[in-house]
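Participant: This is the structure, below, for whatever I ask next.
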Amino acid sequence: MQKMPLRLHKLIWLFFAASLLAFLWLFLNFGWCTDEIRELELKDRHIRVIEGQLARLQKQQDKLLKDLENEKQKHANPDTSNLPNIYVITPTYARLEQKAELTRLSYTLQHVINLHWILVEDSYTKTPLVTRFLQKSRLSYTHLNVPTPEEYKLSDTDPNWLKPRGVLQRNAGLKWLRDNFNPSSGKGVVYFADDDNTYDLHLFEEMRFTRKVTVWPVGLVGSLRYEKPIVQDGKVTGWYTFWRPERTFAMDMAGFAINANLLLEQSEAKFSLHVKRGGLESEFLTSLGVTLDDLEPKANGCTKILVWHTRTEKSSLKNEEKMVRKYGKGSDPMIEV
């Protein structure tokens, strides 16, 4: 048998070695990539899942934005035709702080929809200050006036509780309501808001759907942190107050609202100048034929304070005369304060 030439033999071995090396190179460079390819495929699927979730979230966001815009439109143009009107009766009298007090109260009332302000001056005539103020107030209002007889007015040194205040002014507001309120054109609620108190806006929504008489606590009154109805099982059973808790309705004027229909049903009910100290509210509610069972506790079962019996400190003008003596003139009386 003839032997293979040596050179051919070497070429075969060289080809075999080169093929083996090429195979090893391919294996080392691509054979180990299987796991990486698998990992890339998993990542690709994960990315597609995330993209799908993002698309769904985008749709949800678009829907929420659309709903939000719809809500904004509703609030911008709310349908208030079925909401009861709130009639706020406020007695007021001329003093240095009057315009400041009325300004603060009016800014609160401007945020309450379906509200009519009945502002009654303790005066023989409607004063220019209050007239101008109301014209600029952007509120639905009625401007009335009735003077308190001199014998029933407090002097500068009298304590606030010595004589009933704002009696004839509130009665003037009640008379206007009886003459002008038409129950067939909508429901109404009446609230007595003194011009120096502080009111939470939530208070007005608490009273809006009053069936007969709604009640709640009043803060900073009666030399206490608050006075309030005592509520058990959703019913008023008594009063948390220091001064004569045995009164039938031992609460502050700011602590209740009444359904306007009551004024029509009890056409003679009004406030009286001839009541004992602290009896103004109780006598009035009694004249409306109201009982404890009629009271509707609000403000989370009478546990939240939504109105405060605040009082503005009386302003001192002791330097006005000093200005005249020292500098020859005082403040300009034409500048309305």
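Just so you know, the numbers here start at 1 and follow the chain as drawn.
Every residue, even glycine, has its Cβ placed from backbone N, Cα and C.
Okay, these came from TrEMBL:
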TRANSMEM  12-32  transmembrane segment
COILED    47-74  coiled coil
BINDING   Pro91, Thr92, Tyr93, Asp122, Arg165, Arg170, Asp194, Asp195, Asp196, His309, Thr310, Arg311  UDP-alpha-D-glucuronate binding site
BINDING   Asp196  Mn(2+) binding site
SITE      Glu227  site 'Interaction with galactose moiety of substrate glycoprotein'
ACT_SITE  Glu281  active site, proton donor/acceptor
SITE      Asn319  site 'Interaction with galactose moiety of substrate glycoprotein'
Participant: I'd like to confirm something. Which of the recorded positions, Glu227, Glu281, Asn319, has a Cα closest to the Cα of Thr310 (UDP-alpha-D-glucuronate binding site)?
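Facilitator: That would be Glu227, the closest of Glu227, Glu281, Asn319 to Thr310 (UDP-alpha-D-glucuronate binding site).
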Participant: For the coiled coil (47-74), provide the mean pLDDT of the predicted model.
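Facilitator: So the average pLDDT across the coiled coil (47-74) works out to 83.
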Participant: Please classify the secondary structure at the residue listed as 'active site, proton donor/acceptor' using three-state DSSP.
Facilitator: helix
Participant: Report, as a single number, how many Cβ atoms besides its own are within 10 Å of the Cβ of Asp196 (UDP-alpha-D-glucuronate binding site).
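Facilitator: Its Cβ has 18 other Cβ atoms within 10 Å.
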Participant: Could you list the residues of the same chain, at least six apart in sequence, whose Cβ is under 8 A from the Cβ of Tyr93 (UDP-alpha-D-glucuronate binding site)?
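Facilitator: Non-local contacts for Tyr93 (UDP-alpha-D-glucuronate binding site): Glu121, Asp122, Ser123.
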Participant: Over all pairs within Pro91, Thr92, Tyr93, Asp122, Arg165, Arg170, Asp194, Asp195, Asp196, His309, Thr310, Arg311, the annotated UDP-alpha-D-glucuronate binders, what is the largest Cα to Cα distance, rounded to whole Å?
Facilitator: 20
Participant: Three states by DSSP: which one describes Pro91 (UDP-alpha-D-glucuronate binding site)?
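Facilitator: The residue in question, Pro91 (UDP-alpha-D-glucuronate binding site), is strand (DSSP, three-state).
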